[in-house]
Amino acid sequence: MKDIKTYSNKNILVLGLGKSGFAVSELLLKLGAKLTLNDKADLDKNEKAQELKAKGVRVIGGHHPVDLLEKEHFDYLVKNPGIPYENPMVKKAEELNIPIITEPEIALSCSDAPYVCVTGSNGKTTTVMLTQRILDHHLQKSGHHAYAVGNIGVPISEVVPKATKDDILVVEISSFQLLGVTDIDPKVAAIVDIYNNVHLDYHKTFENYVNAKLNVTRTQNSDDYFIANYDQKDILAKEKEVTPAKMQTFSETDSSADYFIGDEYLESQNEKIMKIVDIKLPGIHNLQNSLVAIAISKVMGADNDDIAAVLSTFTGAKHRLQYVTTLDGRKVYNDSKSTNIEAATVAIPSFKEPEVLIAGGLDRGFLFDDLVPLFKKHVKSIVLYGETKYLLADAARKAGIKDIVIVNTLQEAVPRAYELSEPGDVILFSPACASWDQFRTFEDRGDYFVKFVKELKTK
């Protein structure tokens, strides 16, 4: 780890103490910072907070003391990405011209290991997992490793102290994290895709959302690489304006892109890389994710053997078209990460078999008409729950689906989907909505879905 002096003897307030908040606090202590930790939750019984307190860190829990920023001098405020910029502490810091920084930027500035960054509305976690596995396969030949970090669930600050210059960090970075980033320089940056109804409750406008995503490449240099989606032409034009890096493109359909999906192979302009039939992940969108992982991995030194070793065995990330089990001849898939319409539009066409779809969740004010053609082509029956059940039912009726079942909860939906299905069908849970009407997170929702399926299997 680089022993940078930027934060040495600086008074720093860490706001929001989730997993990354605690990890960056430990890192800042190593760098010689003087820390104050604050969270609106009571921290008296929080084991990690008390450990830091024992190391001399001031811990303030239960409220956000806005007046503290006026009473004392702070050199930086480190903001948890989930805390909005409308938060009173953040607004006061802005008023007082206290620099607001983020965990990724601090951690990456200390990294001895080169790093690549992946963002996007959908597909970034799967892409990161594929990339990490390919690069790890490549690096293990020389006794080194690739680490998947960031929004994927492992704070960057946790891994940076142990990663060497011969390792590689594969960073999943969200728009929430990127909004606060002013200076990162990934060797490779990639934007898998950008859709216009994602996280607008946080970013307020689509333009703000796009600009946050573009921060992943804005401060790269001319020796770096940027991987862009050739099929999203409007976004591509903005990316060309912003990036200083060498651009490579990928496409689902256009063979003029640097990497593309051919008739039988994933291909580049120079070669046929891998037979599509040998790739384990289902769905055209996962072929696209594979192209991004290939493009990144090639820049970082991996070869086709590394790529084939991973793509021929990797069966998917949890909650992302995750195969759960087979129930009496019916394959069951958990796609709880489908928190928006676009995610459902890539999940639903992923199977050749007839589908019984389970969908529904938080009502964000969107209509579901974009799903009508997919419902018509792929879905034989549908079970709906949550705040959006009636809106989704309207779309299902427009698609001509006859078996439309409306229930109140996911627990009720699972056995009804089984009843509507036949051997040879796929039961697909792809909600097309956020989880917060009935669940804490999409992970929580997906875990419950798997639990309900397993309960059904034991009956």
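Glycine too: its Cβ is placed from the backbone N, Cα and C atoms.
Swiss-Prot has this to say about the protein:
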- Gly120, Ser121, Asn122, Gly123, Lys124, Thr125, Thr126: ATP binding site (BINDING)
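Excluding the listed site residues Gly120, Ser121, Asn122, Gly123, Lys124, Thr125, Thr126, the same chain places Val118, Thr127, Val192, Asp193, Asn289 with Cβ atoms within 8 Å of the centre of the ATP site Cβ atoms.
In sequence order, Asn151, Ile152, Glu172, Ala317, Arg320, Lys337 are the residues of the chain that are 6 or more apart from Thr125 (ATP binding site) and have a CB within less than 8 Å of its CB.
Here the Cβ of Asn122 (ATP binding site) has 26 other Cβ atoms within 10 Å, regardless of which shown protein chain they belong to.
Sorting the binding-site residues Ser121, Thr126 by the number of other Cβ atoms within 10 Å puts Thr126 first. If you take the C-beta of Lys124 (ATP binding site) and look for same-chain residues 6 or more apart in sequence within under 8 angstroms, you find Val118, Asn151, Glu172, Ser174, Val192. Taking a C-beta cut-off of under 8 angstroms and a sequence separation of 6 or more, Gly120 (ATP binding site) has the following same-chain neighbours: Thr127, Ala190, Ile191, Val192, Asp193, Ile194, Lys213.
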